[in-house]
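**Student:** Got these off TrEMBL a minute ago, pasting:
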| type | residues | note |
| --- | --- | --- |
| DOMAIN | 158-493 | domain 'RCC1-like' |
| REPEAT | 174-225 | repeat 'RCC1' |
| REPEAT | 226-279 | repeat 'RCC1' |
| REPEAT | 280-332 | repeat 'RCC1' |
| REPEAT | 336-389 | repeat 'RCC1' |
| REPEAT | 390-441 | repeat 'RCC1' |
| REPEAT | 442-509 | repeat 'RCC1' |
| REPEAT | 510-545 | repeat 'RCC1' |
């Protein structure tokens, strides 16, 4: 109750009648008569935010610093802090604490929790204030923005990336391992020889990496200091094949054009690369003619260009790149939303059409579905989103059943995967006509193209033999991962139309399991003679915890 409007009052428990106790019956004993005087009416004092020394009251105002400590220590959700302000003036009036004596307790608690985030810590005061205004003028909104980024991008946690022909694994301590194809030096070991052994990139010793991205012949890494390292093909935008060969870089090299941008995520698509700054701004390299990303540049331009249009003043928490298109998960004061830009072939932009979008455009369907997006994934030709309530939506080209709707139809607007209605999803991964969903229970579901055994299913039979290449039109639980008896927290799969797919499953204990195509050593597992893939998940000899 708001202390500015409340008055002391008594509440009577009307369900308890005033009457004497006449007798008490005890089983197997004689009846004992008990005479008692009438009980007094039950009363209690209503508690207030501001005490006045009356018994039974809770004087919060006497120790606001303790209240602030409790709010911060409990890691309350930003929405909970907002509710406290809305319902009680004690939490919304100036608290008279440093660093800003005008901030309320709820705002101070949010600021304290922001300062615990690794991305926020190194920011200067001016940068923090700019981020605050960009997020909507509240530290609670900044906290929500920071937390949302950690959820969808696994920032500051271990991760594995199943790239096209090569793989990258990042430990929770920021050490990077790479293995697989190395024709352009994309493993970063100083050579162009492929290797199936997960080896640490020694030239990065002393640098803590928090995020990785892999494209065809190309790798990008982001450090906890916001620096971007790139190696492999010395180009951010050329096509995977058919373009003029670029210079190969065989060891991680700082991207000088990004030195003034504190990066937190990179996404490599076909013909372009995108980078997300800690302030939520999106920058793109190449593929920038005026019919694509809203800024006209040369095809081989290596300078990052800010993504123009609707997202110029809206902070983005996650980016995802597919075949000639980009998805952006935006954090607005009214809630989370998804924008798309680029090629609309197959309906993969989610606007109900197949036309290209020159500038980022809001996908309106999520508002109609009353779904709050928290994770986005961009496959080569289809896309997916996980909602806060655990629902999964897919759209785009539905070939091989990759949308999970029981058919191969295209969907030009996001559609809920009804077969997962009894599953609360926490994350989703998409590839070339394949989709994986991870539930809050740690179960993994997959559907779509069954080539290379990358779905992990033992489905169908041909001439009495199990056919692991069968396409799956509706979500099926990956029973082979159930047998691992580990809780899966992340799945990564190859997102390229030019390479056979492989899949990684990362458990909460830091164990990494791989299956699918391994012809270039990208599984990190030694295959026997004439073997090109693994149909069941096998432990990779590396600890990511």
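Placement of Cβ uses the backbone N, Cα and C atoms for every residue, glycine included.
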**Student:** Averaged over the repeat 'RCC1' (226-279), what pLDDT does the predicted model reach?
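**Tutor:** When the pLDDT values over the repeat 'RCC1' (226-279) are averaged, the result is 83.
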**Student:** Taking residues 6+ outside the repeat 'RCC1' (510-545), which of them lie with a CB under 8 Å of any CB in it?
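**Tutor:** The answer is 158-160, 162-163, 165-167, 169-172, 177, 179-181, 194-198, 452-454, 456, 458, 468, 480-481, 484, 486, 493-494, 499-504.
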**Student:** Mind tallying the repeat 'RCC1' (336-389) by DSSP state, helix then strand then coil?
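**Tutor:** Going through the repeat 'RCC1' (336-389) residue by residue, I get 7 helix, 25 strand, 22 coil.
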**Student:** Which residue counts does DSSP yield for the repeat 'RCC1' (390-441) in the helix, strand and coil classes, in that order?
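**Tutor:** Helix, strand and coil residues of the repeat 'RCC1' (390-441) number 6 helix, 23 strand, 23 coil.
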**Student:** By DSSP assignment, list the helix, strand and coil residue numbers for the repeat 'RCC1' (510-545), in that order.
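**Tutor:** The counts are 0 helix, 18 strand, 18 coil.
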